[in-house]
Amino acid sequence: MAVAIEAPFHVLAVDDSLPDRKLIERLLKTSSFQVTTVDSGSKALEFLGLHDHEDSPISTQSDQQEVAVNLIITDYCMPGMTGYDLLKKIKESSYLRDIPVVIMSSDNIPSRINRCLEEGADEFFLKPVRLSDMSKLKPHILKSRCKEHYQQEQNLQSNSESNNSSNPTSENSSSSTSSNSHKRKAVDEEILPHTIRPRHS
């Protein structure tokens, strides 16, 4: 009997520093995550299938994303699009907002950390990231999965209730049509004997 093997969680790691990207990739793989690395926020959005200025998936890019991204971990300080900017893009998108996002930074600046957490970041790691930090990722992925499944169940239930509420109307309509047909038949049968009665001279 074949045993189903659960696919590893897929993490998208974003960092403009090659040494830091290599480090986070190694830590994630050691922790049994599947990893994709990119060196900028714009490339991260491209991989996710989202333009910098759009809120919908790009059909031409979506094919390259062969597996769903379960979590995004990004550096804060990057040229062009910062990790904070990337976080905002993700949380503003109805398509991506439920993906957990973790921010990394070499600077321990409370105001920066609070701003990211208020914007929707799930964790804020100080660099250098350690192997022990990886254990904090899975709970966020599982929480996101549970939320996703709950929303799917709610949608299915809503669709089911919508279908059920529309059926009685058609049944009542059919029943009403049938009832009217019987009434007309009864009236015709009542009238018919009088119309064919012969006249007496």
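Every residue gets a Cβ built from N, Cα and C, even glycine.
Pulled from Swiss-Prot, these are the features on record:
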{"type": "COMPBIAS", "residues": "158-180", "note": "compositional bias 'Low complexity'"}
{"type": "DOMAIN", "residues": "10-142", "note": "domain 'Response regulatory'"}
{"type": "MOD_RES", "residues": "Asp75", "note": "4-aspartylphosphate"}
{"type": "REGION", "residues": "149-201", "note": "region 'Disordered'"}
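Counted with DSSP, the domain 'Response regulatory' (10-142) comes out as 55 helix, 26 strand, 52 coil. The average pLDDT computed for the domain 'Response regulatory' (10-142) is 90.
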